[in-house]
Amino acid sequence: MYSCTHCADMEGSLTARDRVGIQDFVLLDAYTSETAFMDNLRKRFNENLIYTYIGTLLVSVNPYKELGIYTKKQMDIYMGVNFFELPPHIFALADNVYRTMISETNNHFILISGESGAGKTEASKKVLQFYAVCCPSTRLLDNVRDRLLLSNPVLEAFGNAKTLKNDNSSRFGKYMDIQFDHQGAAVGGHILSYLLEKSRVVHQNHGERNFHIFYQLVEGGEDELLRWLGLERNCQKYRYLIQVRKCAKVSSINDKSDWKTVQKALTIIEFSEKDIEHLFAIIASVLHLGNVHFEASAHGYATLNSSAELLGIPSNILQEGLTHRKIEAKAEEVLSPFTAEHAKYARDALAKAIYGRTFTWLVNKINESLVNKDSTRKTVIGLLDIYGFEVFDVNSFEQFCINFCNEKLQQLFIQLTLKSEQEEYEMEGIEWEPVPYFNNKIICDLVEEKHRGIISILDEECLRPGEATDFTFLEKLEEKMCGHPHFVTHKLADQKTRKTLERGDFRLLHYAGEVTYSVVGFIDKNNDLLYRNIKEVRGFAIACILSWPDISEKIIDINAKIVATQFKSSLAGLTEILMTKDPWYVRCLKPNHCKQPDRFDDVMVRHQVKYLGLMEHLRVRRAGFAYRRRYEIFLKRYKALCPDTWPHWKGTPAEGVQRLIKHLGYKPDEYKMGRTKIFIRHPRTLFATEDAFEICKHELGKALVTSDKRRLAFPEGVVMILIETCWRGLQARRERERRAWAVKVIKKFIKGFMNRNQPVSMDNSDYLAFVRQSYLTRLKDNLPKSVLDKTIWLTPPPIMQEASVLLRKLHTRLLVRKYVRGISAQQKVQCRLMWENFLSNLKQFNIRLKQQNIRGLNTFARHCIYIMFVSLAWETYVISHSTQYSVPVIKYDRNGFRPRFRQLIFTQAAAYLVEEAKIKQRVNYSSLKGVSVSDLSDNFLILHVTCDDTKQKVGDCLLYLTRMHYTYTELLSFCSVRFDIQPGKEGFVDFKSSSESMVYRAKNGHLMVVSPHNPMHTT
């Protein structure tokens, strides 16, 4: 079995290099030679070394056998170790991404690509398993970890299938974000899916299977569940599963065991029992739908079975939906009957639509269980497991979309690689040398350019009126693409090329090579056509089983965008996501078509190396310098080669490296010294250094053996005294170094304190850094808890004055944001109505002031606006204090008639006049004698108040208000209207709001008038 320690020994020895190859392709001398690249890859594969680096890119070759290199012990070996200290491994890359994310607090993604069967899905699983082990663990975090891990078998069951190339091929693209907190714990995740191969539900090629979940349900489902679903434990009974009879069972797949895994995973991911039952009802219904038969009559009517019951669809709707097409003609709807072939097409379209919609629902449910409810900032590692470049004997619409996706990712790959290389050179102060490379933008534009690209032409052909066919689409392509260097058809090709093309084919010259596409099926697959009444059938099915509201309206617009355009938009969104993160790459290779261990097919692997762009990446990575390492790491490894640096170097690492390479005799054109790294141009220079180090290690070993022999010549007592002396000397030297370091630090801080008010310099930089850290640490524990709390912000030191102001603003914005998010929808509506009321009142007051011609209008208006805002704030405050109605008013003094700005508030108990949240006057409804208004439009209202105590200065209220009618109506709802029944006898009328109108005698003897409440009366 292969082990890391054994591998390290092999690769470190002088004789092993030729046998096992080089662990980093960047160190190949003939880095432009594809033959040298293949030889190195083959050597490593033959020695069970399946991983090789190209810089930080990891190349992985599927061994098709168990190597024992993914155990917990292996994870521990790679955890927290420098990227290049141990042999290449997926764990090394995962660990380096994780540690970089924590130290730099930025976002990363790992792009895992390769053709079907190369090991992409397994690679993403290993990354997830590594993070599950290396991340901090608590009970809550373990739940998140389990859901992240178990989302894989669920998505594999519903989105993977056996193909000719792979027994567990992902038939959709998947991007998963893993969210980490500041301590590096996994706290959540999110999954995006791309282009599910829905056509597999109704059709599979020879030697392939449908999605795993169908076989798992039939083979592993409990007897009671199968009876409830109306299924039999026999895959041969279902048309969608028997297109290839020999593939129902596959030796490498255990459907019964996988069924149990899926059930357990669904439970842990928090699917309810009802959700699980409904989910499997959908799967069973698709199987039943495949068994619906049609008579070969002119009308092609269907013979229905139990699928209608399981789908929850009335039989007449299913009958009509599968055998007729609904056509809208002006204001009428006409049903046009299908032929038997059209009915089969409608049935299959319905099955694909139901399964596709269910898969989307499944991904959303998983995302709900993975959502992180903590709103604090998180760092993210993304995992992109997406289909690789595909070339088959017959390539159709699916291969066109997949290969376009790979073109976009290759474009992004080169851009980000060049960008990262250039940034590293600039950061280290090394001159950047431009790198020649093939820019595949011309191919991406050929496919996606607006109005001229293949997708735009396909959209036009699908949407135009008239009879559009695959061949009219091809004619349009020939018309628009004539003369393009990367596009050719039978009509446009020369005599020699024409022999290799059918009349219904077109050929694209991708970055990975030529691919010939058959246009047959492009129009139908791009339309993903679902007739209107079929959409209604799907709406009934999904709404009944998964309880999705308003499904009939949503279903009609689901296919508003056609498939290629949807996919192009999804890719654009994915590209935007990836551009904001730092990239890491895993390129998976398939060594042979037969899935056999220890077999390396040169032709097949060479083709994959080409279309994965590995040689291109190697040329970019080798531009200028083949090797770069931080000074500390380089010096630590090779310091034994120079007497000046061995055994301990006292100066800076950069000075030590400079002394070391001078001793080794490096020529000026062989290296460059950056700010933190040494750059070595040629691999042979590094190999010479490595060989010298191997020789040095042997010499050091001989010296140790000699010293051991000398030690044996001494008596035992003398040896003990020598050991004790050496140990005490070592302790004394360490203590001296510790005290010297302490004195140095204390001096530095004293000097920093004395120069604390000076500009930042070498004398005070450490002290000021300590002051900043100390202030931020104390501030973190003493932050205000409320927006209104203005008193507890810590006084900052002089150097943090500006930062403190910015932090306080940011913290205030954060508190406001949390408060706003906590406001309910009802409160938001009330606040909006109050704001509208404020604007209306402001306009009325301005008109009133102009009419009265009050002096000092500007000052008065400003005062008015201020009072308005206070009133608005007061209204917001009293929303939850049983206030029924409020309106701003002007109250005139009874003596002198001086105007006072007040807020009039009605509650169930009394009316209040309020000034700036202070109650100025309370009027009990029982003491209200009456209300007076004039017959003019003057908006004046007088409240007549009785007062038994003559000492109190309480009398009638003279009010001006803009909403007279509303206020008067509201007042009536709290008071009783008095009237004379006869001389000396009074009656009362009470008013009440309700949803129904009525008039009746109340229990207190009053006449009760009930009518609907006008919502415009409330502010």
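We number each residue from 1, going along the chain as drawn.
Cβ atoms here come from the backbone N, Cα and C positions, even for glycine.
Pulled from TrEMBL:
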BINDING   Gly114, Glu115, Ser116, Gly117, Ala118, Gly119, Lys120, Thr121  ATP binding site
DOMAIN    21-694  domain 'Myosin motor'
DOMAIN    842-1019  domain 'TH1'
REGION    571-593  region 'Actin-binding'
What mean pLDDT does the predicted model reach across the domain 'Myosin motor' (21-694)? 80
Using an 8 Å cut-off from the Cβ centroid of Gly114, Glu115, Ser116, Gly117, Ala118, Gly119, Lys120, Thr121, can you name the remaining same-chain residues around the ATP site, in sequence order? Asn62, Lys165, Asn166, Ser169, Gly388, Cys588, Lys590
In sequence order, which residues at least six apart in the same chain have a CB under 8 Å from the CB of Ala118 (ATP binding site)? Ser60, Asn62, Gly388, Cys588, Leu589, Lys590, Gln608
Measuring CB to CB from Gly117 (ATP binding site), give everything in the same chain under 8 Å that is also at least six residues away in sequence. Asn62, Thr163, Lys165, Asn166, Ser169, Lys590, Lys595
Please count the residues of the region 'Actin-binding' (571-593) that DSSP assigns to helix (H, G, I), strand (E, B) and coil. 9 helix, 8 strand, 6 coil
Taking each of the binding-site residues Ser116, Thr121 in turn and counting other Cβ atoms within 10 Å of its Cβ, which one has the fewest? Ser116
Neighbour count first, Cβ atoms within 10 Å, every protein chain included; then name which of Gly114, Gly119 tops the list of binding-site residues. Gly114
Packing count at Glu115 (ATP binding site) (other Cβ atoms within 10 Å of its Cβ): 23
Counting across all protein chains present, how many other Cβ atoms fall within 10 Å of the Cβ of Lys120 (ATP binding site)? 27
